[in-house]
């Protein structure tokens, strides 16, 4: 199996619920190492640049309002098949459709406030990691 890196955001509503530690425990239990992390308050410009591929979608405005409503916790995760593994533990985008025991089922409230963002491919992971992290801020362990 290939060791990969993926990108994750714990969204503002989940941050305000004080579940960062619980989510980090789930990452580590799933053998996803946290190799870099930051807490940020995204500007509208940062959020629009990050989610640029959704610019023409109906939900774009709500997404930007939600992701900039408070601090986010961003992290780089590393492990075997990290992109797929992270997507599996996150669960479906809509927390109401996510399987019990997944992060979104346990910590998400709605389609917009679904607790987390995770890269959907290796190419996305590379782009998203580079958007927020410098090379010398990431430490494999």
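Heads up, the Cβ atoms here are built off N, Cα and C, so glycines get one too.
Positions annotated as active site, pros-phosphohistidine intermediate by Swiss-Prot, on the basis of sequence analysis: 117. Under the heading ATP binding site, Swiss-Prot lists 11, 59, 87, 93, 104, 114.
Location within the structure of each feature annotated in Swiss-Prot.
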{"residue": "11", "record": "ATP binding site", "contacts (Cβ under 8 Å, 6+ apart)": "66, 67, 72, 113, 114, 115, 116, 117"}
{"residue": "59", "record": "ATP binding site", "contacts (Cβ under 8 Å, 6+ apart)": "111, 112"}
{"residue": "87", "record": "ATP binding site", "contacts (Cβ under 8 Å, 6+ apart)": "118, 120"}
{"residue": "93", "record": "ATP binding site", "contacts (Cβ under 8 Å, 6+ apart)": "104, 111, 114"}
Cα-Cα distance, maximum over 11, 59, 87, 93, 104, 114, record's ATP binders, Å: 21
Densest Cβ neighbourhood among 104, 117 (recorded positions), 10 Å radius: 104
Residue 114 (ATP binding site), number of other Cβ atoms within 10 Å: 25
Where residue 117 (active site, pros-phosphohistidine intermediate) sits in the secondary structure, as DSSP reduces it to three classes: strand
